[in-house]
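**Student:** Sharing the record's features from TrEMBL:
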BINDING   A:Leu20, A:Asn27, A:Lys157  xanthine binding site
BINDING   A:Ala129, A:Asn130, A:Gly131, A:Cys132, A:Ala133  5-phospho-alpha-D-ribose 1-diphosphate binding site
There are 2 protein chains.
Amino acid sequence: MELLKQRIRRDGQVMAGNVLKVDSFLNHQMDIRLFGEIGKEFRRRFEGCGINKILTIEASGIGIACIAAQYFDDAPVVFAKKNPTKNIAGEVYTSKVESFTHGRVYNVIVSKRFLGPEDRVLIIDDFLANGCALMGLIDIVRASGAELAGAGIVIEKGFQEGGRIIRGMGVRLESLAIVESMSEEGGVVFRG
Amino acid sequence: MELLKQRIRRDGQVMAGNVLKVDSFLNHQMDIRLFGEIGKEFRRRFEGCGINKILTIEASGIGIACIAAQYFDDAPVVFAKKNPTKNIAGEVYTSKVESFTHGRVYNVIVSKRFLGPEDRVLIIDDFLANGCALMGLIDIVRASGAELAGAGIVIEKGFQEGGRIIRGMGVRLESLAIVESMSEEGGVVFRG
């Protein structure tokens with residue numbers, strides 16, 4: 001998606017430790033107009049897949065998933081929770097996820113009431129790196145008996161293993177920008 | 001907002017410990033069509049206020065804020081973070097907040113790059129109860145030198161003190177549904 005790549009080139013910052021900082025438009029301050037274009041692009045790629053539910057994970061996936069849902073007939077969006085709260089009662093699907101950003105392991109939780117065999121699910125998230133969060137969400141979709149239509153990712157770090165593993169599992173994975181390599185001096189190089 | 005009150009009456013569950021569970025449409029599964037109506041109602045109430053930035057807090061405020069932003073000329077949405085990560089660099093505004101839901105104290109953080117004197121801010125959140133989260137956000141807006149246009153809340157628990165305190169501070173607070181009282185037997189009674 002050219003508009004997105006231009007934006008990453010212009011406003012993204014490559015930081016030490018393989019961090020691509022895009023917090024001015026994607027995951028701290030959010031550019032709602034860009035999110036609309038991202039939503040349209042996900043629709044273009046997953047049109048006709050019969051998607052009736054969108055699954056994401058807190059926090060930075062939520063805004064993108066909600067705006068994108070408007071291009072899938074206002075499909076309900078479910079966000080997986082990282083911090084179990086006393087507001088989640090009843091039975092839940094859980095999966096363990098290791099966070100690169102936060103440096104810890106946490107449980108990802110979705111209430112069983114909101115995902116089941118009647119659902120055809122598109123997973124949406126902002127980043128794919130080592131794939132742990134996405135694999136946790138895929139686990140949950142499979143446990144629920146729902147059908148997984150695919151996963152839509154805004155930025156994939158193509159030099160980490162997540163994309164290869166997920167595609168190897170036979171999951172349809174659509175990343176709108178794949179970073180082939182990046183460095184503090186040379187900036188970002190995209191695949192393709 | 002009548003549509004919202006109907007939905008709370010139909011799908012909300014009053015649980016022990018003053019918990020109003022609305023996770024089927026507001027803060028776990030999200031009804032995007034309802035969020036659109038909520039966004040229009042916020043626009044109606046804050047039209048002409050010159051709002052150019054929306055501030056919310058992770059996680060459940062984000063979806064509502066992003067959809068609502070479309071009714072404020074796609075104003076950028078900034079979400080305050082509860083878990084400082086290594087992806088936030090540079091200077092930040094911080095405020096301490098006590099969470100009723102999670103039973104702990106955490107820091108709320110916003111990068112100084114995304115809030116400043118040029119901003120006219122609408123704060124949006126899903127719930128207002130004791131007002132701690134909202135007061136943390138108001139602190140941050142004031143520290144930034146931005147102008148606070150007001151706060152838009154989806155559900156206010158009118159029997160807790162947050163609304164009274166915030167209004168007493170002179171902040172324009174618009175809650176779309178104010179719960180006057182609730183009980184497991186009697187359900188929800190709205191103010192007005």
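Glycine is no exception: its Cβ is also placed from the backbone N, Cα and C atoms.
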**Student:** Which one is it: of the binding-site residues A:Ala129, A:Cys132, A:Ala133, whose Cα lies the shortest distance from the Cα of A:Lys157 (xanthine binding site)?
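**Tutor:** Minimum Cα distance from A:Lys157 (xanthine binding site) across A:Ala129, A:Cys132, A:Ala133 lands on A:Ala129.
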**Student:** Rounded to a whole angstrom, what is the C-alpha distance between A:Gly131 (5-phospho-alpha-D-ribose 1-diphosphate binding site) and A:Asn27 (xanthine binding site)?
**Tutor:** 18
**Student:** Using a 10 angstroms cut-off on Cβ to Cβ distances, just flag whichever of A:Asn27, A:Asn130 is the loneliest among these binding-site residues.
**Tutor:** A:Asn130
**Student:** In the three-state scheme derived from DSSP, which category covers A:Lys157 (xanthine binding site)?
**Tutor:** strand
**Student:** Taking every protein chain shown into account, which of the binding-site residues A:Ala129, A:Ala133 has the largest tally of Cβ atoms within 10 Å of its Cβ?
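**Tutor:** Of A:Ala129, A:Ala133, the one with the most crowded Cβ is A:Ala133.
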**Student:** Same-chain residues six or more away whose CB lies under 8 A from the CB of A:Leu20 (xanthine binding site)?
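**Tutor:** Spatial neighbours, sequence-distant, of A:Leu20 (xanthine binding site): A:Ile8, A:Gly12, A:Gln13, A:Val14, A:Ile155, A:Lys157, A:Val179, A:Met182, A:Val188.
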**Student:** Distance between A:Ala129 (5-phospho-alpha-D-ribose 1-diphosphate binding site) and A:Asn27 (xanthine binding site) at the Cα atoms, whole Å?
**Tutor:** 15
**Student:** Could you tell me the C-alpha distance between A:Cys132 (5-phospho-alpha-D-ribose 1-diphosphate binding site) and A:Asn27 (xanthine binding site) in angstrom, no decimals?
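**Tutor:** Each residue's Cα considered, A:Cys132 (5-phospho-alpha-D-ribose 1-diphosphate binding site) and A:Asn27 (xanthine binding site) end up 18 Å apart.
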